[in-house]
């Protein structure tokens, strides 16, 4: 009974929440109907206002919203059925007390089943919403409009569906908590509130534009280039089709061409549009009449030196003053303003806020990554798509990138040299190493001080004699005398004497120390060890080698003379003792002496003896006694068996085997042969075997093995791609720097003009400074030129004032900061049909 009463109280509380949610939905509908309509940009040209009143387009947008709503929630038939159930529940609230408890339980069970269905539908729509790539962006208006459709999702609905019966006793407390909540919280917690059809109707066509044209930039995707502005946009606010419609019939003028177009053409007679990026926003200022205005600096990221100033007054300032820096905007029929005196800057203003179109954020706008000379980061704006460095730092960065390869190949160990650590590598130190005389001042004194400071100081061992102490020698003599007296008075024990009698290295060294015997080097009269330089050591070793070589040559000559005398006295003994295969010893013969002309046939015979030739061969050398004994034993065994050895025929070519030996070999082969019989494949022809092998090579199994690849090919490709990226990234950056330097044809700089000497240069002359001429610093433009012969020059005027120093012609052409690289030339380009032109015939007419 108590459980049924708790269910009844829960049902009544849910019905009350449903009524409160309906009242809130009616209030939200009334609030939404009071919203102002948002008019589109560039539409309508009457009385300075731009409104759209096409009913057909409104109906299309409404249909599009309903279709998108269907795709968001899927099948909404069940929700419509729920709408019909809600009025019935209102009627039942009046007679719910008269019904039996069983009927109430059945109704509660049905309601729980319906809630489960709603939960499943909401989960499916949530999954479809997260998985769909083109989710429409919800504006604040859409969030309010669709709030009635969301019911209760997530943990609130799950908690309400899974309430145990034991917790139903706390319903009075929950009812009190629900009464304390705000209407918005009640609407979020109520899961039986019916949807409001009127809330799905859009207020205006522009309010549904984000839903119809969703634009999202996924992470990691390349940003597309906008067609009209030529810039890459992040979070674009206008679709490409909408931009096509807006630009239809209007003239596009680039921001860099605006200055010439304003002067040469009448832009008031036609509709024209220009695009730019807000690169700088000046703090809002107050005019003389007390009204606030703001100024924007616009640029198209093509030429970062020229800017266009846009002034925002009145309503334009109130609506757009919060626009962020870096936003790409479009201007329709902007009004030109008079520039400031002394400048040629283009100034524009807009009289209507709808003439300013916010298109999105510029991806390529950034600041230079280099640092100034004072260490602060550079604040120059750059186009990141072209280069990451401004025109003032691109040359230094290019030199740094070009010299990286030499740095890698050098043998720099990372340790700073001592000279560099002391600061001896500055400009002053390098110039003043040898000294110079300039302007009546000599730098020899500074050079000597520099040499004394940079010279390495020799470390001297700090001893008592080196220190300036009075009576140092007397103190040292007294100490030596005390040590000698202590030695004499020292009593030696018996154990110490026994240890000293042992022939150990320690005992011997101690005896030498006590007896004061000089070292072995001093006994031989050699000089003590001293440190010498490397060059002196090399000279000393060279002298030692020359002396040793000279001694060796003298010994060889002396040995040769002795050997020749012995050979003359007893040549027979020398020839008999020398072995045939014995090589002469090193230094046995004098290399420069002439060899003896003794004939080899008469070797061993003295002068006057007869040489006899015999037909008998010389006697054989005596064999070893052990071999002779084994041979005799074998002969005796053969004779005991009655066998004899036949003498081998010396003229026979093949070795004859006995029949018994052949039989033994055949038996041995048969015993080692395999037991299996020969396969029939061995008897088949070789061509058939070859065909079978080819068939196996063409089989699927072999092709599968042949085409098998490793599982780590993906990782290998990623590693190769990473290596290629590391290799090509520096080259790509270097190429970007080169392209930027080639595109820079002029550059602003600080120059000085001397009115006395009538010149303009990058720095003043010393005479102008010393004589106090009338010169002043100002901004100038340096321009780069090249001649047809390849010579290059820089000028601060429109054209150089001098002829080419190489060819003498005055054919200057505009060029970039970097000299254009020329590749290898073909033979036709290097061919000179007329031969080489000589200097005296050049420029002759």
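Cβ coordinates are placed from backbone N, Cα and C, and glycine is handled just like the others.
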Given ranges 724-744, 787-807, the stretch to which Swiss-Prot attaches the annotation region 'Zinc finger-like 3' | 787-807
Write down the single range among 564-586, 587-609, 610-632, 817-839 that appears in Swiss-Prot as region 'Disordered'.
-> 564-586
Per the Cβ filter (under 8 Å) with a sequence gap of at least 6 from its ends, the region 'Zinc finger-like 2' (754-773) is approached by 780, 796
Apart from its near flanks, which chain residues at least 6 from the ends of the region 'Zinc finger-like 3' (787-807) lie with a Cβ under 8 angstroms of it?
-> 751, 760-761, 780-781, 813, 815, 819, 842-843
Kindly report the helix/strand/coil residue split of the region 'Zinc finger-like 3' (787-807) according to DSSP, in that order.
-> 0 helix, 4 strand, 17 coil
